[in-house]
Amino acid sequence: MGEEGTRRSRGGISSRNFSSVLLLLLLFLLHADGILNRDLLRYQTSKLRSYQIVRPQLVHRRWQRDDEATQTHRQRSDPDSLIYSIEIEKTFHQLQLTRNRHFLSPDFTVVSHDVKRDSIKHHPEKPALCHYSGHVSGQEESLVALSSCNGLRGVIFIGNESYALEPALNATDNEHILFPLEDVQAQPFVCGVEEHGFSDHTLSMHAFLRKKRALPQTRYVELVLVVDNLRFNIKKKNVTAVREEMVQLANLLDTYYKPLNIRIVLMGLEIFETGNPFNVTGEARDVLSNFVNWRKNNLTSRIRNDMAQLVVGLAGAYSGGILGMAYVGSVCSASSAGGISVFSDSALQYYSTVLAHEMGHNLGMNHDDKRCQCAGGTCIMHSSATGSTLFSTCSDDDFESLVMRGAGLCLLNVPPQDSIISVPVCGNGVLEAEEQCDCGSPANCTNKCCNAATCTFTKGSVCAAGLCCTADCQLVVSGTPCRNSVNQCDLPEFCTGQSSFCPSDFYMMDGLTCEGGTAYCYEGRCQTLDYQCQQLFGQKATKADDKCFSYINTQGTKFGNCGYSGSSLVPCSVANSMCGKIQCTNFDSNYPPAGAVISVQNLAAGISCRNADFNLGSDVLDPGYVKTGTVCAEGKICMNFGCVNSSVLTSGQMCDSVKDCHGNGVCNDKANCHCNNGWAPPYCDKSGRGGSVDSGPAEIDYSLRNGLLIFFLLVLPILLLLVFVLLYIFRRDSLNRCFRKRRSKQHRTNQANVQRNQAASRPAPGPTPAGPPARPPAPIQTPSTYPQVFVMQQLV
């Protein structure tokens, strides 16, 4: 019994020791977890000058019932509206949020590339609809763009302040980090332009959002995001994580551009899974050149887009502190509408302002100077990244200038309403999903076709906006011109009779001749050196003598070269000298374009050579180079600083104007025939109304109107006359009897009337006298009562 007790005692001691060990281990793990959480928080906030820990509280959420039957379980799990309470700067605010139910293009696609196997894979899964926009309750000058997929992540604007919100890493108590965007300490984004002080006088956000602009029509940027292999690896090779992050990014971009009346439509996402198809290291300009070439040759044919942006996961900036680079004013260009930007370990909210900056260059926006104003001081287009989320008045003016000079026509292509990244808000002046029209608030709306209170058509109206909608709120007839050609390489567009909006912009196929056969069309422009000089230096500028090109461009200076090799300028060979820096004359060098330094050189025989070195920032390429497609010699054009055979412009084209269009039209940029008037698409081999299957018919169809006029004014009267004649011929006896009966009946009626009138006019008879009746008077003989005598006379 003693031994047994001893064994039990020893066993009891062992159990207590084991429990103690477990308790100590648990305490250690909790302590280690706390240390880990603190380390993660320290890492997450290492680049923030200031931040606060907040715990957003859900106050209200609501689902709509109208389409629950058609939604997936995941979609139904995300409420249509949310209200969160959050503390900002020691004050509690309520965030009023509405879900972006129509967030992506219906054609949105995710494609991953396996460079090693030269294959692509489509990912049909759609992103979760957990993205919201809204405002801060009680704050008129506020905007909110948040995603609730995994915690709350996004931006909050209140007055002149902008904040970023994101979940704390490994948080267990709904902890989020809130920090001012301008407090993000990131690698400097230096553009190499002279710094200017900003005026203390700034516009309020309220005034900016309501600023009357000269371009009231909404523009739509159809965007494709391309994620390189480095960024894919940073996201631990998780396609879903990359997709959700890029969708959140697009939601932020749309929020930034909305005050400019520009909407962002995310058309697709490309991911390089196993490697990059081109080098993303080295000089930024080389990476940009490689990317836009890849876009032209591999992307545009698969996914329609107005521009594409490459997201590069480099650990740091490119040389010179460059975080991004883009071609200025290149939106809609098949060869240069793109940009690159570095996204490594910075916050998504901060990176979104860098990408918005590069997209702004594509849209014609230059860097801000001291004249430029926006709420909060510095703006998105400032020469260095500051985390600002607002565009300046200068950016607004630059974009307007791009539109007014005929560029950016592709932005007029109105995507399906369901593809707009937005929350439908009736009264904001933007046509969105579930709206027939939107003319602004009831107080400001002057459109008689639209009910401002309900954003629906007024009674009898079938349209309210668009170039193909009449002042009487009706669609114009098919064939009515709605967009004229802006140059000899552009093609006109016509109303289809089915939509109130003009068709997309189309132009002549690259490589077709223009300017009397002395130049070639390229991307909708007749690329001549005179035209390029006028674009840079004014309407009186012209191309300089060829000797200017061969002398200056072979020197390899900043005023004459054929581009860069790394960071070194490359002198042109004599054969390629017409394809380097453009050399002009006939302009006043005392008034150079913004950011340009003018060089004037006079050669022998009075030849004047003038050119410019443009310093628009290290993220902006010099616009002073001869453009692709420009004639450099007979039968040759410039491409990539080389003078090559012009046949490269038409190689691989799927349309021939002579063969496919039968000489009665020209090929457009979609490889379809645009027929001359009198010929019908698609092949211009039959009589018709001209135009193309893309741009609509070129002539109004008057056939129905003319047919009705001919029928009622000519055919119908002839038919009636013919029927009457036939009736008279074949029913003459019946008609005669009918007429005789009518005359006889009329005669009897007339006699009866006469007798009644005579009887009424006789005097009433007096009293009958007594005695025998009087003898009646002798009848008066008339010719009709005379004896009739017929004399028969025999003819001899």
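Cβ coordinates come from backbone N, Cα and C, glycine included.
As the structure is a computational prediction, the values presented were derived from the model and not from experiment.
The feature domain 'Peptidase M12B' is assigned by TrEMBL to 219-415. Sequence annotations record features per position, and here TrEMBL assigns Zn(2+) binding site to His357, His361, His367. Look at TrEMBL and you will find Glu358 tagged as active site. Under the heading disulfide bond, TrEMBL lists Cys374-Cys379, Cys482-Cys502, Cys675-Cys684. If you look up TrEMBL, you'll see 423-510 marked as domain 'Disintegrin'. The feature domain 'EGF-like' is assigned by TrEMBL to 651-685. Annotated transmembrane segment per TrEMBL: 708-730, in sequence order. Taken from TrEMBL, the feature region 'Disordered' covers 742-784.
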Of the disulfide-bonded residues Cys374, Cys379, Cys482, Cys675, Cys684, which one sits closest to His357 (Zn(2+) binding site) when you measure Cα to Cα?
-> Cys379
C-alpha spacing of the residue listed as 'active site' relative to Cys482 (disulfide bond), in angstrom = 32
Cys684 (disulfide bond) sits from Cys502 (disulfide bond) (Cα to Cα, rounded, in Å) at a distance of 22
DSSP three-state assignment (helix, strand or coil) for His357 (Zn(2+) binding site) | helix
Argmin Cα dist to Cys675 (disulfide bond) over the recorded positions Glu358, His361, Cys374, Cys379 returns His361
Taking Cα atoms as reference points, rank the recorded positions Glu358, Cys374, Cys684 by distance from His367 (Zn(2+) binding site) and give the first.
-> Glu358
Out of Cys374, Cys379, Cys684, the disulfide-bonded residues in the record, which is closest to His361 (Zn(2+) binding site) when you go by Cα distance?
-> Cys379
Can you count helix, strand and coil residues in the domain 'EGF-like' (651-685) using DSSP?
-> 0 helix, 9 strand, 26 coil
Nearest-integer angstrom distance between the alpha carbons (Cα) of Cys374 (disulfide bond) and Glu358 (active site) = 18
Local confidence of the prediction over the domain 'Peptidase M12B' (219-415), expressed as mean pLDDT | 88
Counting across all protein chains shown, how many other Cβ atoms sit within 10 Å of the Cβ of Cys675 (disulfide bond)?
-> 27
If you draw a 10 Å sphere around the Cβ of Cys684 (disulfide bond), how many other Cβ atoms fall inside it, taking every protein chain shown into account?
-> 23
A correct count of other C-beta atoms within 10 Å of the C-beta of the residue listed as 'active site' gives 24
